[in-house]
Amino acid sequence: MLKIDALQFSYRSNKKILDKIKFDVTKGECVAILGNNGAGKSTMLKCLNKIMSPQKGTVSVNGIDLLKLSRLEIAKNTAYVAQKNEGNQITVYDAILLGRKPYIKISPTKRDYEIVEDIIEGLNLEELSLRYIDELSGGELQKVMIARALAQEPKVLLLDEPTSCLDLKNQLEVLKLIQEITKEKQIAVVIVIHDLNLALRYCDRFLFLKDNSIYCYGGIDVMTPENIGAVYQVPVAVESYHNQRVVIPLT
Amino acid sequence: MNSIKNTACREDYNHYVKRKVLVIIILAMMTLVVALYALCSGSADIPVIEVVKALLGLGTEKSVIVTVGIRLPRVIMAIISGIGLAMAGCIMQSILKNPLASASTLGISQGAAFGAAIAITYLGAGQIMSNTSGAVAISNPYLTTICAFIGAMIVTFVILGLSKYRNVTPETMILAGVALSSLFSGATALLQYFSSDVQMAAIVFWTFGDLGRVSMKEIGVVTFVTGLSFIYFIFNRWNYNALESGEHTATGLGVNVPKVRLLGMTIASVSAATIVSFVGIINFIGLIAPHIMRRFVGNDYRFLLPSSAIMGALLLLVSDTFARMIISPVILPIGAITSFLGAPLFLYLIFKGVGQNAKN
């Protein structure tokens, strides 16, 4: 469904931040992007919907190269949730309605409102719908941002560290929600995530970035102590606990 | 079950929207009432009924001259200028993500003042003459207005040019504005230092701001520019809402962020420059009106833009009426009055937190 091929990005002409990035994601699948700080994870995510324009390569959704589409068309195919979300004095309802922005010509239509209300109901946000988003807790705000992204009715959902500011309960809740949405809506999801154990628990495939290119990409079988040790330069063990794989640092 | 929940959710939301619209309607009505009061009051008090008759062309000769000939242009100019300055301030604050952004912070007003000072000192617009109310008037207002506009536009284009050169970020724009503001204030001060007493008086008089300078023809120009800007901004209200969520999120929502910023800044600056060139420097309206309305309607530009615009009109109209009435027949400088009345009001709002529960 989502195919990335020969993607290359650099801020200046010489230094390549990303090189020869090639992978694909099928629908209903959640891919974790893993790697050290500065490996280019967030940059890669932003290249996938042209928030940053890659110099080379293609990002195609169902065979159509997104990078050749207009910004509005890209926004109808992909939705992006930023790492840091700015609280603002608009209501939760309006924040989610903003997700319909790519479709709104002059004013929202009846269908736009219906989509927003279905999402509010689906994510149990009814109680919050008229609260200003700058009054929400971190977990609530993150859910609203995911709700906004869903209002875009994307085929591909891009999430940049969606759990980085959340407590354990909210981390699990938000990732569970993302996992359910991925399966239910049959969309392709790409998540930049630091926590390897959360990635193991909620993601289907794993992509390691190292030295500006893909170190390895695959299913659970790539989550080996060797690969993780090589990418993060920390010795680890990967054990099974109650049928759940866990990564344990050995330092 | 879903549809029942959705209906309840929609009803609550519709109710919320209606309250915001009601705020705008109340503001508009208050502005109309103050406008009518401004038309009635002055050195010659005219009853409301006479004013209405005069507006309909049925009044006595005296009431028509005073109301339609003298007071109406002033009232209309206050409304249009208030709308334009507040709207420009609102958009600049959004685009630059800076609560202090306005035509004066960015140096546009200072550019206009410098242009006017050039016209007065070097282009012969500097002789002053007494007008009917005992104040001074500049002998060649057209030349002064044109030079003021050129000054304001030079600042605008330098800011935009610099920003384009070093990528359009809010920080570069506001920093360039602060630098230019300082540069043109200094240049105007130097011109004043080397000018004659008469010229200096004329420069100071121009910078005071005066809503009574304009004729209906000039009001037409300002209305046209302000009207077009208003339509453009309202058309882009969803883009400004998206920008509030951050640059990357806005881009992800399909907004061409550099284009929206550049066009928004250009149009807001041209609109403010036009007004300032005609009426002189009017401080604080562009800054305070959006801030007041943010407290009542939040940051949703669907409501914030029209309500800030009307609040700007109301504030300027109240200030001008106050300036005319307080020691009538002397008309106090409007620029000083907006600052004088606006600053305490602003401080009160900041510290009292009015409207914290406005949405409830």
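Quick reminder: no glycine exception, Cβ is built from N, Cα and C everywhere.
According to TrEMBL:
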type	residues	note
TRANSMEM	B:21-39	transmembrane segment
TRANSMEM	B:75-96	transmembrane segment
TRANSMEM	B:108-130	transmembrane segment
TRANSMEM	B:142-162	transmembrane segment
TRANSMEM	B:174-194	transmembrane segment
TRANSMEM	B:214-235	transmembrane segment
TRANSMEM	B:262-289	transmembrane segment
TRANSMEM	B:301-318	transmembrane segment
TRANSMEM	B:330-351	transmembrane segment
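When Cβ-Cβ distances below 8 Å are used as the criterion, the transmembrane segment (B:330-351) is approached by residues 133-135, 207-212, 279-285, 287-288, 291-292, 295, 315-316, 318-320, 322-324 of the same chain, each at least six residues removed from its ends.
Using the rule of three or more Cβ pairs under 8 Å, pairs at least 6 apart in sequence, the transmembrane segment (B:142-162) is in contact with the transmembrane segment (B:262-289). Packing against the transmembrane segment (B:21-39) from elsewhere in the chain are residues 46, 48, 51, 55, 67, 71-72, 74-75, 78-79, 296-297, 303, 306-307, 310-311, 313-314, 317-318, 320-321, 324: each is 6 or more residues past its ends and has a CB under 8 Å from a CB in it. Within its own chain, the transmembrane segment (B:262-289) is flanked in space by residues 77, 80-82, 84-92, 94-96, 100, 102-106, 108-109, 111-113, 115-116, 145-146, 148-149, 152-153, 155-156, 159-160, 163-164, 168, 173, 206-211, 213-214, 218, 221-222, 225-226, 229, 232-233, 236, 240, 308-309, 311-312, 315-316, 334-335, 338-339, 342-343, 345-346, which lie at least six positions past its ends and keep a Cβ under 8 Å from the stretch. Ranked by the number of CB pairs under 8 Å to the transmembrane segment (B:301-318), the listed stretches B:75-96, B:174-194, B:214-235 are led by B:75-96.
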